[in-house]
Amino acid sequence: MHDEASEWAPGGASRWWLHHSLASLSADLAKKNIPLVLRRGRADRIVPALVRDVEAGAVFWNRCYEPHAIARDKALKASLQADGIEVSSFNASLLREPWTIETKSGGPFKVFTPFWRALLSQGDPPPPRAAIAAQRATIDAPPSDALALLPTKPDWAGGLRDDWEVGEKAAQDRLDEFCEHLLQGYSTTRNLPATDGTSRLSPHLHFGEISPRRIFHRARAAGVDAETFLKELGWREFSYHLLFHFPTLPVTPLYPRFEKFPWRTSQSDLRAWQRGQTGYPLVDAGMRQLWQTGWMHNRVRMVVASFLIKHLLLDWRDGERWFWDTLVDADLASNAASWQWVAGSGADAAPYVRVFNPTLQGEKFDADGAYVRRFVPELAKLPAKWIHDPSAAPDDVLQAAGVVLGKTYPTPIVAHKQARSRALAAFEATKETA
Ligand SMILES: Cc1cc2nc3c(=O)[nH]c(=O)nc-3n(C[C@H](O)[C@H](O)[C@H](O)COP(=O)(O)OP(=O)(O)OC[C@H]3O[C@@H](n4cnc5c(N)ncnc54)[C@H](O)[C@@H]3O)c2cc1C
């Protein structure tokens, strides 16, 4: 069933992933003689029709937590039950159900650390179950390209194909590789965007190719300190907790005073950000990594999001939408919670006065410039000393590297110092109208 009616229907990169994920699932199920039946359209019509076709007496599904999906599934459950069909739903994609973690007074958490402590205090989440055995087929499955999810004119997915292997086996292999070789150094390497230092499991998790419980137990069994890594899974849980309790999280600031924030509108600045043409190499490298590969390193996500919101004063929802369309791991809960976190309007958010300096972030986390060289090749020949600040480089250095500012690479679209003062003044204005 592929439901495109929601305003958060999957974006382009997610559709690409979904196509390959379904193809992989279909092939795996075929080995067990189980057909994967795909239908496009409204669940409240399609599922009852399918139930009648196969004369099913019971329907089982794994829960979704997006507000529109909760509403859809509640209505579907009621209508199937009214027809005498047994319906059961399960948790397959979270460590714990969002409503089972409560503050002492019985409400939702808005701060991460006590949330994570409360979740862990319930004991380890249950381990994943083994896969089901072979079945007797009762219906023919259409080919997995029936949903027409892939881009055709133009086919922009070459970079995604080069970077990713999709499906349950790929997810399991990556988990093993990560736990055997990368988990030990994760606390340090996770901040270095040029290094393969994080799990890159996010799209596999989003599409249900692997469960967080499997990751939790595998990481705990790896024989090294896994707590920093598990905490990141905790941020994912926290995002779902927030979305469940505050369903307008993707569109409305969690703290209402941010509704009055004096956002600018500038199509040209938004375009420059989207295309990686801001004149700040770390920001541009990140935005181009996203466009080419459908993924961006977490450290750089924070820097590019801060740049959009604070340097350009553009609405965080513009950035959230762009990520929604371009990320292979686009996830309503994690995306919305993270954007609001950077904007300062969300739960446990960074203080608004913290404005990342993209040049210093580059010098700190990409000291030799390897990440920038990879994604901004027109700067590749600049020495490390200047690669994060080309507009400050002496003329002869630029010339030797073949860089002509304003021609081969843009001059900065805003000056950091002025942008910072402007952002702080805008924030002060928001405080005054609180
Ligand atoms: C502005 C912004 C937007 C983001 N949008 C998304 C999104 O749409 N989908 C998404 O999955 N993540 C999002 N993140 C969170 C994070 O950047 C990615 O989960 C992470 O980079 C994925 O890479 P990884 O699998 O190698 O992570 P690892 O470092 O290996 O972490 C393991 C897992 O923990 C989870 N995780 C890690 N960090 C976070 C976090 N800050 N919030 C929530 N979960 C986290 C992910 O599921 C990840 O796969 C966003 C972050 C920012 C700053």
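Backbone N, Cα and C atoms are what each Cβ position is placed from, and that goes for glycine too.
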Per TrEMBL, Tyr186, Thr198, Ser199, Arg200, Leu201, Ser202, Asp329, Ala330, Asp331 bind FAD; matching candidate in Phe216, Phe229, Phe307, Phe356:
Phe229
Cβ atoms near Tyr186 (FAD binding site) (within 10 Å, other residues, all chains):
22
Scan Tyr186, Ser199, Leu201, Trp316, Ala330, Trp339 for recorded positions whose C-beta lands under 6 Å from an atom of ligand 1 and note them, or write none.
Ser199, Leu201, Ala330, Trp339
Trp339 (site 'Electron transfer via tryptophanyl radical') versus Ala330 (FAD binding site) - Cα distance in angstrom:
12
Return one of helix, strand or coil for Phe229 (FAD binding site), based on DSSP.
helix
Integer Cα-Cα distance in angstrom, Phe229 (FAD binding site) to Trp339 (site 'Electron transfer via tryptophanyl radical'):
21
When DSSP states are grouped into helix, strand and coil, how many residues of the domain 'Photolyase/cryptochrome alpha/beta' (1-95) land in each?
47 helix, 12 strand, 36 coil
Considering Cα atoms only, can you say which of Tyr186, Ser199, Leu201, Trp263, Trp316 is the nearest neighbour of Trp339 (site 'Electron transfer via tryptophanyl radical') among these recorded positions?
Trp316
